[in-house]
Amino acid sequence: MSRSAHPAGPRHADVLTEGHYSAPPADLNSLDPKVWSSTVTRDKGGELTVGGLEVSRLAEEFGTPAYFLDETDFRARCRAWADAFGRDADVFYAGKAFLSRAVVRWLHEEGLNLDVCSGTELATALDAGMPAERIAFHGNNKSEAEIRRAVEAGVGRIVLDSFQEIVRVAHIAQELGTVQKAFIRVTVGVEAHTHEFIATAHEDQKFGIALADGQAAEAVRRALKLDGLELIGIHSHIGSQIFDMAGFEVSARRVVQLLAEVRDEHGVELPEIDLGGGLGIAYTSEDDPREPHEIATALSEIVTRECSAAGLRAPRISVEPGRAIVGPTAFTLYEVGTIKPLEGLRTYVSVDGGMSDNIRTALYDAEYSVSLVSRTSDAEPMLVRVVGKHCESGDIVVRDAFLPADLAPGDLIAVPATGAYCRSMASNYNHALRPPVVAVRDGSARVIVRRETEEDLLRLDVG
Ligand SMILES: *Cc1c(COP(=O)(O)O)cnc(C)c1O
């Protein structure tokens with residue numbers, strides 16, 4: 001499948017390439033628990049409910065398109081990750097997947113830590129009361145102002161991404177009369193995606209410092225010398241939507257090798273390693289993600305084995321799941337508009353949102369599923385492509401899926417597993433008003449990020 005990304009989606013000529021779809025599911029009305037959040041079900045009338053609330057009522061109250069986030073499921077996933085990794089490891093939720101003040105409070109209450117990668121993500125986290133020492137600050141181009149803010153706030157760790165940044169952070173910390181705990185982000189030469197990974201010696205990418213050619217060792221050498229820094233560990237993040245642990249195995253082995261070199265050269269055993277995020281979720285019924293406890297066991301076995309081979313004490317492990325926590329907790333609710341059957345091809349179903357609320361299909365050829373949720377239907381399955389209302393033929397939400405043939409304008413359809421990288425990557429293309437995020441729990445629903453309004457847009461446009 002093509003990974004070429006045009007900023008506005010696939011090139012026009014790419015749009016009608018052969019899709020990927022299997023046979024229609026046996027029952028179009030069934031809701032696969034793999035892709036829907038835990039409180040989603042159909043009521044007696046056949047309507048989808050989340051947290052006990054019917055989608056027609058939710059649509060009436062909050063409008064469409066809108067993201068509905070299952071708070072019960074979100075909190076359960078936080079607990080599952082925290083429990084799986086236990087006391088000897090730290091789970092950092094990657095805020096870039098979806099960040100809001102309510103989410104920060106939930107994370108805090110459930111005992112998780114938080115990754116941020118901009119000054120404004122940091123501001124959101126601090127504003128919502130996340131203790132600074134539980135925040136990690138990432139990014140390949142942190143500004144001096146951002147670094148200063150993070151050091152002043154007392155963030156628990158800054159993940160250093162370049163030689164220049166090592167000096168910059170040390171200098172700012174010293175100026176502020178403090179010592180900043182830090183990790184060095186290394187690139188281990190592993191690129192992992194879904195079921196595959198590529199291991200190479202060199203990496204052509206903007207993040208981190210290469211292990212190759214002794215560069216990461218040199219970075220450690222410099223960081224250990226600087227008074228403003230306390231180097232506590234090595235960080236590696238290898239990809240996204242990963243199902244296969246083999247990439248982590250190679251990455252952990254290479255990171256542990258570096259720890260051993262550091263011990264041999266400096267007599268210092270760095271106490272921590274951070275293996276990053278990227279754990280996969282089910283977007284369709286064909287995906288089979290691992291449970292947090294399986295991932296925790298696998299990672300800890302890998303690290304223990306590599307360390308004992310190198311004669312090192314096993315370091316404290318951090319992980320940074322973003323998608324794996326928030327992704328499955330939300331769905332996007334749309335109202336069906338124009339329906340256009342193309343004889344011998346497929347039926348185009350247009351919804352009232354599109355690439356402005358979910359850019360992932362256009363950007364990464366991401367796959368999603370979709371269901372009719374305002375009612376059930378016994379009609380035959382029809383092959384559809386769910387598209388948005390934007391002026392761009394790459395504006396596709398679900399490339400290939402089946403919906404009942406009696407689908408009609410005004411029906412509500414929902415795309416599950418849109419909790420991660422949808423609202424956080426939403427845009428105002430065509431002056432779309434970005435949809436709200438509504439948290440649902442135990443029969444009540446409340447807006448945690450409100451819908452943008454025309455006034456919001458016009459206020460930014462100063463004329
Ligand atoms: C994006 C990112 C994550 C989270 O990735 P997910 O695929 O959402 O789990 C974690 N750590 C770093 C450094 C990242 O850049």
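FYI, residue positions are counted from 1 along the chain as it appears here.
The backbone N, Cα and C atoms fix where each Cβ goes, and this holds for glycine too.
Curation does not apply to TrEMBL; its annotations are automatic.
Some features that TrEMBL has for this protein:
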DOMAIN    73-327  domain 'Orn/DAP/Arg decarboxylase 2 N-terminal'
MOD_RES   Lys96  N6-(pyridoxal phosphate)lysine
BINDING   Gly278, Glu320, Pro321, Gly322, Arg323, Tyr421  pyridoxal 5'-phosphate binding site
BINDING   Arg323, Arg360, Tyr364, Glu392, Tyr421  substrate binding site
DOMAIN    333-419  domain 'Orn/DAP/Arg decarboxylase 2 C-terminal'
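Checked against ligand 1, the binding-site residues Glu320, Gly322, Tyr421 give Glu320, Gly322 in sequence order as having a Cβ less than 6 Å away from one of its atoms. Confidence across the domain 'Orn/DAP/Arg decarboxylase 2 N-terminal' (73-327), taken as the mean pLDDT and rounded to a whole number, stands at 96. Note: the Cα of Tyr364 (substrate binding site) and the Cα of Tyr421 (pyridoxal 5'-phosphate binding site) are spaced 12 Å from each other.
Residues Arg323, Arg360, Tyr364, Glu392, Tyr421 are listed as the substrate binders, and the farthest two of them sit 27 Å apart at their Cα atoms. The most crowded of the binding-site residues listed here (Gly278, Pro321) is Pro321, judged by how many other CB atoms sit within 10 Å of its own CB. Ranked by CA distance from Arg323 (pyridoxal 5'-phosphate binding site), the recorded positions Lys96, Arg360, Glu392 have Lys96 at the top as the closest. Of the candidate recorded positions, Lys96, Arg360, Glu392, the one lying closest to Gly322 (pyridoxal 5'-phosphate binding site) when CA atoms are compared is Lys96. All protein chains considered, the CB of Glu392 (substrate binding site) has 18 other CB atoms within 10 Å.
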